[in-house]
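What follows is one structure encoded as structure tokens, with my remarks underneath.
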Amino acid sequence: MVAKEEVTISEAEAALYDRQIRLWGLEAQKRLRAARVLLIGLGGLGAEIAKNLTLSGIKSLTLLDDRVAVANSANFLVPIENVGKNVVEASLERVQRLNPMVEILTDTENITAKNEDFFGGFDVVCATRLPVEESIRINDICRKHSIPFYSGDVFGFGGFFFVDLLEHEYSEEVTVPAATCKDGCKPKKNDPSETKTVKHVLNYIPLQAAFEADPSSQLNKRSWQRIKSHFITMKSLLMFRSQMKRDPEAANRQSDIAKLCEIRDHILHEMKLDNQMVDSGIFETVFGELSPAAAVVGGVLAQEIIKAVSHKDAPIRNHFFFNGATDFSGVVEAIGF
Amino acid sequence: MADVNVATNLLEDSIRKSKILVVGAGGIGCELLKNLVLSGFNDILVIDLDTIDVSNLNRQFLFQKEHVGKSKAVIARESALGFNPNVTIVAKHDSVMNSEYNVTFFKQFTVVMNALDNRAARSHVNRMCLAANVPLIESGTAGYLGQVTAIKKGFSECYDCNPKAGQKTFPGCTIRNTPSEPIHCIVWAKHLFNQLFGEADPDEDVSPDTADPEAAGDAGSVALLNQASEAGNVTRVSTRAWAQQSEYDPSKLFGKFFCDDIKYLLSMDKLWTKRTPPIPLSWDNLPDESSDQQGGLIKDQKVWSPAECVQALVSSIKILYQRFKELKGEESFLIWDKDDEASMDFVTACSNLRSHVFSIPKKSRFDVKAMAGNIIPAIATTNAVIAGLIVFEAFKILEGKWEECRHVYLNSKPNALNKVIAPSSLDSANPKCYVCSPHPEVTVLLNVSQMTVQSFEDKVLRGALHMISPDVMVDDGKGTVLISSEEGETTENMTKVLSDFNISDGTRLRCEDFHQEYDLNITIIHRENLEENREFSVIADPSQLQPKAAVESSGPQPSTSSSMPASSTKATESVEIDDDLDIIFQKGDENEENQKEPPIRKRSISGQADIGSASKKLRLSENDIIEL
Ligand SMILES: [Zn+2]
């Protein structure tokens, strides 16, 4: 977790972070200033998260990805002349330019080569573009070291992320009516209400438990109705990635959609659910990584990391889904509890 | 590095063929340009009047430190071309309200996207898009909250369909005589700045107000008034002339504003029967209590002692007076700016000295800046989400799927439907809208024998109704021209009052804004006095007008939910706005899911509960402006 050492905010930082200090306060900014974040996977979603966290003024951001930068990607951090280089190295200069006060580190190794000790040096781990099995492995390591863990992806028009904050304490400012005087007189009509800080604790579950959960029986009917399509789609896409060792590609549009339907039917069968429940049309819009979808999911995810690091305000528990092709909403659900 | 092959062929094609106008290259604008270029849009015009400030850099990610002071539009274009050098982006460092951006200009675009920070420009672009019949996507963010909506003439409500929330106003006598909150002192300090260095406005007097109804019949004060007038202390016109006589000697200014004027206020003893009386300060004996509990704060968050205030006052007056003396040509006064060190020091010092005098809690420079500059904090993540949502609305518009367009809210926590991003159906246009209805009408309440033509144009037509170049004809059968947009044609009318043109209760005025292609009929209702010393009140829906008698007997004004906010008062102040502000509409949580799900405590647990006021459909615009 974030080191307890006293962090000071310089006058230059105060000027740069003026607006956000006004929003989340100096204490939250100091906590951000101490946070070391590992970001695995630098596609379109990773680029959005990297941008948002670097701008926010964390201590350090380690970018890890062993892939090469490709053309026509939603990763806006790669200058066109860097296509073909390692994506992390290709993006370094632009990330650093976003905020010279944040230490940007690069790692071009494959994540599977990283052992337990590697993760101990971070305060937050965020994974994108990973097979779910690998995410589960890292999440388990993070749990041992009490490190908050996020994993998320964008497929085409939509995306999702998972959060595990273990046991998370946070404070929240609530407005209460101005206190009445001791003798019981009423507060004046225009008395501003007071804010007071309340502390809460939330408990989370590991990714494996969440991924294997059956929300159709766990959630109430209305909640399940709201997320069933999101959940089945997420699970189909992650299982496609694990089985095919790649993501759906527009070049194989028809066969990939057929494969996704097959996986979906298998999932529904396992859950003993109606085969017609999730329309195959949803798979028409899962190809590539659409920039605005990465912006939406990456914006919400980065804000969640900021929230968790600063221990301020209620974090999402434990899934977020967004679909920009069908219902345009961003839904939160606690799955596996 | 555009990623277009993920969309459908039809959509890709319409993206490629479209031409987009992005109005504003601030927090939302930067994110939006990135999303557009990466989504395959290749013909974009971006316009912004603003230059880059260091406090923009934590979110306006197309700008870096070396760009401070440069044009936002120009640098945003350069940076966005880095994402794909093969697209066309035209940058205009200009105001979108300039006359060259006429209806023909707007007609060339497939979709217009507002990424603006102020109500006047939003309202103007709304009219231009209605006149040009071009779809508009409106957006705004404030802190963790944001929203996006799509506007199409005749299909959905326009930006002006709902009256905006009324603005905070403070009566002149509270500011001048009986402040009780820090904001009263901050407003007074900004008025003092203008009296000494800025554009002189008689509505911004800082001296004791002897006409305070609370002090009426106070013989002692009348006696003192005469005495004071002899000493030249409370004469309205000459605050600046008086300051110039002493070459802005800080001790003399201090003596007047924090000692002599306070003694004078104390003589109006009726004011202090139920209030804590003020305590005049002495230049030679200033308290310098240092509070030890300010460790760990940044410099601006520390609260100054009166002695520290005076130090800041002396040095800021010196700098401001020097600048004032060096003014040349058309510039005859200084403009207060929250980002100018000396201007901020002056207002922090003066407001805190006044707070000290009135036993009001003092505020740090950091907090004074927020209140005086009306800063709505903006952050990168909210802007990123909103800019993403704008593009999704654009996709639907390009595909002609207007029925799928939504008014989308970003909440700071999940709403009752567990939604952080909550779409709701677009509302249809208000048939009585004073902008988009077929025959726009408003009613204006004012005193025809007091309101000058100049005030009518500046405060009502331009200020409240957001016109740019109005022509006004009196509907008297003779075609009397009251105001002409042609230079010089009606100059001689400007100092006259409306009754000089036989404008009386019930008179109709035909207004036309050639530039906005906007016609508006105004019905004048004469009122001797308006509530809270307002100079006028604009009412969008005349059926909301109460019987005249009720209003004049100081009854309540028509509620703001149905009337336009009275946007100008005797002591008017529009505080300059920080960028990215805004926000817009607030409504209940009706959304498309209500068709599938049982209605869930509609409104009682609103997703927007934390936007603030729980009232109906308010547009909580950037104009949370403190209007006085
Ligand atoms: Zn309208």
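All positions are counted from 1 along the displayed chain.
Positions of Cβ are set from backbone N, Cα and C atoms, glycine also.
What TrEMBL records for B:Cys173 is active site, glycyl thioester intermediate. Secondary structure at B:Cys173 (active site, glycyl thioester intermediate), taken from DSSP and collapsed to helix, strand or coil, is helix. The C-beta environment of B:Cys173 (active site, glycyl thioester intermediate), restricted to residues of the same chain at least 6 apart in sequence and closer than 8 Å, consists of B:Asp209, B:Ala211, B:Asp212, B:Pro213, B:Glu214.
Under the heading ATP binding site, TrEMBL lists B:24-29, B:Asp48, B:56-59, B:Lys72, B:117-122. Cβ environment of B:Gly24 (ATP binding site): B:Ile47, B:Asp48, B:Asn114, B:Ala115, B:Leu116, B:Asp117 lie under 8 Å away, each six or more residues apart in the same chain. Following the DSSP three-state reduction, the secondary structure of B:Gly24 (ATP binding site) is coil.
According to TrEMBL, the Zn(2+) binding site annotation covers B:Cys158, B:Cys161, B:Cys433, B:Cys436. Sequence-distant neighbours of B:Cys433 (Zn(2+) binding site) (same chain, 6+ apart, CB under 8 A from its CB) are B:Glu157, B:Cys158, B:Asp160, B:Cys161, B:Pro440, B:Ala540.
Marked as compositional bias 'Low complexity' by TrEMBL: B:553-572.
Annotated compositional bias 'Basic and acidic residues' per TrEMBL: B:587-600, in sequence order.
Taken from TrEMBL, the feature domain 'Ubiquitin-activating enzyme SCCH' applies to B:308-369.
The residues of the domain 'Ubiquitin/SUMO-activating enzyme ubiquitin-like' (B:445-531), classed with DSSP into helix (H, G, I), strand (E, B) and coil, number 20 helix, 27 strand, 40 coil. For B:445-531, the entry in TrEMBL reads domain 'Ubiquitin/SUMO-activating enzyme ubiquitin-like'.
Taken from TrEMBL, the feature region 'Disordered' applies to B:544-628.
Highlighted here are the binding-site residues (B:Gly27, B:Asp48, B:Asn58, B:Ala120, B:Cys433) whose C-beta falls below 6 Å from ligand 1: B:Cys433, in sequence order. Highest local Cβ density among the binding-site residues B:Ala120, B:Cys161 belongs to B:Cys161, counted as other Cβ atoms within 10 Å over all protein chains shown. Each residue contributes its Cα atom, and for B:Asn58 (ATP binding site) and B:Cys436 (Zn(2+) binding site) these two points are 38 Å apart. Listed in chain order, the residues near the Zn(2+) site other than B:Cys158, B:Cys161, B:Cys433, B:Cys436 are B:Asn126, B:Leu130, B:Glu157, B:Tyr159, B:Asp160, B:Ala429, B:Asn430, B:Tyr434, B:Val435, B:Ser437, each with its Cβ within 8 Å of the site Cβ centroid. Taken residue by residue, the domain 'Ubiquitin-activating enzyme SCCH' (B:308-369) breaks down under DSSP into 40 helix, 0 strand, 22 coil. Here B:Cys436 (Zn(2+) binding site) comes close to B:Leu130, B:Lys153, B:Glu157, B:Cys158, B:Asp160, B:Cys161, B:Ala429, B:Asn430: these same-chain residues lie at least six apart in sequence, with C-beta atoms under 8 angstroms from its C-beta. In this set, none of the binding-site residues among B:Ala120, B:Cys158, B:Cys161, B:Cys436 has a C-beta falling under 8 Å from a C-beta of chain A.
Here the binding-site residues are B:Asp48, B:Asn58, B:Asp117, and the one ringed by the most other CB atoms within 10 angstroms is B:Asp48.
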